[in-house]
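Feature list (source: TrEMBL):
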- 1-10: compositional bias 'Gly residues' (COMPBIAS)
- 1-45: region 'Disordered' (REGION)
- 33-44: compositional bias 'Pro residues' (COMPBIAS)
- 92-113: transmembrane segment (TRANSMEM)
- 133-154: transmembrane segment (TRANSMEM)
- 161-183: transmembrane segment (TRANSMEM)
- 218-250: transmembrane segment (TRANSMEM)
- 270-291: transmembrane segment (TRANSMEM)
- 325-381: domain 'MIR' (DOMAIN)
- 394-450: domain 'MIR' (DOMAIN)
- 455-512: domain 'MIR' (DOMAIN)
- 587-610: transmembrane segment (TRANSMEM)
- 630-653: transmembrane segment (TRANSMEM)
- 660-680: transmembrane segment (TRANSMEM)
- 692-711: transmembrane segment (TRANSMEM)
Amino acid sequence: MPPAGGGRAGPGPLRSRGCRRPPGPSPRAASPAPAPPEARPPAAPAGSRAALALVTLLSFASRFHRLPEPPHVCWDETHFGKMGSYYINRTFFFDVHPPLGKMLIGLAGYLSGYDGTFPFQKPGDRYEQHNYMGMRGFCAFLGSCLVPFAYLTVLELSKSLPAALLTACILIFDTGCITLSQYILLDPILMFFLMGAVLSMVKCNACADRPFSASWWFWLSLTGVNLAGAMGVKFVGLFVVLLVGLNTIYDLWDLLGNLSLSLVMFGKHLLARVLCLILLPLALYTAMFAVHFTVLNKSGPGDGFFSSAFQSQLIGNNLHNVSIPEHLAYGSVITMKNLRMAGGYLHSHWHLYPEGVGARQQQVTAYLHKDLNNLWIIKKPDSDADLSDPSSPVEFVRHGDIIRLEHKETSRNLHSHQHEAPLTRKHFQVTGYGINGTGDSNDFWRIEVVGRKPGKLIKVLRSQVRLTHVATGCILGSSGKTLPKWGWEQVEVTCTPYLKDTPNSLWNFEDHINPKLPNISLDVLKPSFAEILLESHMVMIRGNSGLKPKDNEVTSKPWHWPINYQGLRFSGVNETDYRVYLLGNPVVWWLNLFTIGLYLLTAISTAVALKRGVQLSSELKELSRVVLRGGGQIALGWLLHYLPFFMMGRVLYFHHYFPAMLFSSMLTGITWDTLLKFFAGFLSPSTAARRVYGGGILALVLLIMYSFYLFHPLSYGMIGPMASDPSSPMAGLRWMDSWEF
C-alpha cells in the first residue's frame, strides 16, 4: 500500500470514491471546467442526513448523561482544571503540553461563571459551590463531535451508509470514549482537532475534480486550522500532521506526473498547499503561544523552569521591575541557575547521600523551583571576616578569582572530591561539607566568565560563569538526570572532568543581595518573543522526556492497549466510593483488534488479485477501491498514531491509545461493510443478499449495544459492592484478571 493519498484525481490507494478527474486538459484555477456526469462525485446515500442527525443526537445524549456526577475532582482533572484556573487568574505555570487545550478549558470556565478559585489539589476533592460544569460540558461537547466526524469521514470514503452507521455505533457505545469525554481533560480536545483534520482532508480529496473552487479552498484551509489545533493541544498531534503530509506528498507527486497539467498550474497547487498546510498552521500555532504568554503575565509555580531573563517579565516575580546590584562582590547572597534548558538552581538541603552513594555527606542538587535552600554566600577561600559589616570595604569578585560558596541555610560549603557521582559515571560527586563554613581545600572553586579576560568584574544575569574545582580540575555542572526518591527526584549536580563549555556546565547569578552595593534595573534583559518561543519548546520537550510515574500510579505498555488489557481508575476505590473506571467496551475493542488483522488479509488478497489481472465485476471493483483507498488511508492513520509509542521513553498510559482507537473503529466500519457486501454478492435472489448484508450489520450493532448495556456502569459510575460480590452490577463481568473494577 502506498503511504498516502491526496487531493488528486485518478487511481491511487488513498482516494475516496467518485473523485476521478475527467480526461483532457486540466481545469483552470479561475474557472474550473465542469466535470462530466460520470466523473462527478455520487450523491450522498439516501437518508444520510437523517442518520447524521440521529447519531449526533445519540452521541450528545451519551456524553452529557450524568455529566455532573461525580461532583468531585476525578483523575487528571486535578491538573487540567487547575491549569484552567491559572489562565483565569493569569498565573504563569509550566506544563509539558502546548497551551491551546488548557486555554480553551480556562475560557470555557470563565464564560460559564467559574471564578478560578477552586484549588484542584487532589482527586476526590468536592467542588461544592464552584461551577465546574462549564469546563466539563465543553470537553463533553467536543467529545460528542467525534461521532459525527467519524460518520462523515467513513461515509465519504466508502459511500456506504451502513458502514458509516456501524462506525458511529462503535463510538457512541464505547464506554472508554464516553468516560474520556466527560471530564476536564485534554484528550477530547485533542481528538476533536485530530478528527477534524482527517475529515477536512478527506473532504478536500473529494473536491479534487474542482481544484481552487470555494469548497476546495474551504476544506484545505480547515485542514490546516485543525492541524494547528491538534499540535496546539499535545505534541502527539504531530502524528496527524504526518498523515496529512504523506497524503499531500502523494497528491503532489501524482499531479507532477499528469502531463496534461502545466508546470504553472502545478506550482499553484504547490503554493496552495504550502499556504494552507504549512504557513497557516504555523501562524496559528505561534499565535497560540503569543496569547499564552500575554495572558499568563503573573508569577506562578512555573517560573523556575525558565531562564532568569524570562522570569524578569512576570509580575510578582522577584526579578520583575526590581533593581539589584550589577556586579558580584564578596559577602553577597546569591542564587545560581544552570543555563541548560529547564536548568535548575544550585540547591542543597540537610539530607545526606545514602550509604553506598559516594561519601555520606550533604546532598547538592539542582532544583527547578524557588526555595530558600537555593541561597549561597560568596566568600574568600580562607577568610572568616564578617563581610556583612557595613563598615567593611566592598571587594568585587573578578574573573579568575578563587572563591568559596557557603550554603546559607546549612552553613556547609560547596564541595567536591574524587568519589563517583550518584548517576553519571566518570563524573565526581558534589556535596555540602564543613561546619559553619569551616571545611577543607576541596571547598575552593575558580570562577571564570565565558568570553572575558582575567580581572574583569562579573555581572548578575548577564555573565555566563564556569566554576572549576581547584583540587581536581573538574567543572561544576548539572547532568539533567533525575535523582531517585532519596534525592527527592531533583536533578543531579556533578563535577565533570570533561572541560567543555556546554549549557550543563555554565551558570548565571540570578538573585543578588548586598546592601552595600548600588542597584540597576533589569528591564533591559527582557527576551524577545522568538527567544521565549524557543525556550518554552525546549522546556516542554525536556519535561515530556522526563515524565515518571507517581506512587501507586497505573501505567501501561503499548501492547496492552488494543487488547483492552487494563483500565484506569478515574474515581473511587472502595465500596462506599462513587467509582468510575476507564475501560473500553470489550466487544468494540476486541472487534477492532480482530478487524485490523482481517483488513490486512483482505487488502493483501485484493491487491494480489488486481495485480494478477483477475477479472472482477463492477461491484467487486468498487469494493476493492474502498478497501485499498479508503481503508488504506484509515489503516495508515492507525499505524501512525500507535506504533510511535513503542519508541517513546516517557511514561505511558492507557488513554494514549484513544486517537488510534478512532482510526481502528473507522476501519472496522469500512471492513465489515465491504466483506458483508462481498459475501452477499454470491447469493441470489437479491432479497437474500440484502438479508445477509443487513442482518450482519444489525448483528454487530446489537452485539455492541448489549456489551454497552453490561459495562455502562464503568462510565456512568457505580456505588456498592465490588465486581467480586454476586450482588454487584458488575458481577461476572471481570473477564480479565487485570481489570480492577
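Glycine is treated like the rest: Cβ placed from N, Cα and C.
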Chain residues outside the transmembrane segment (660-680) and at least six past its termini with a C-beta under 8 angstroms from it: 146, 150, 153-154, 157-158, 160, 162-168, 170-171, 174, 176-177, 191, 194-195, 561-562, 584, 588-589, 591-593, 595-596, 598-599, 602, 619-620, 623, 626-627, 630-631, 634-635, 637-638, 641-642, 689-690, 692-693, 696-697, 700
For the domain 'MIR' (394-450), residues assigned helix / strand / coil by DSSP: 3 helix, 29 strand, 25 coil
Top Cβ-contact partner of the transmembrane segment (692-711) among 161-183, 218-250, 270-291, 630-653 (pairs under 8 Å): 161-183
Chain residues outside the transmembrane segment (161-183) and at least six past its termini with a C-beta under 8 angstroms from it: 45-48, 51, 55, 58-59, 62-63, 67, 74-77, 136, 139-140, 142-144, 146-148, 150-152, 154-155, 567, 570, 580-585, 588-589, 591-592, 655, 658, 661-662, 665-666, 668-670, 672-674, 693-694, 697, 700-701, 704-705, 707-708, 711-712, 714-716
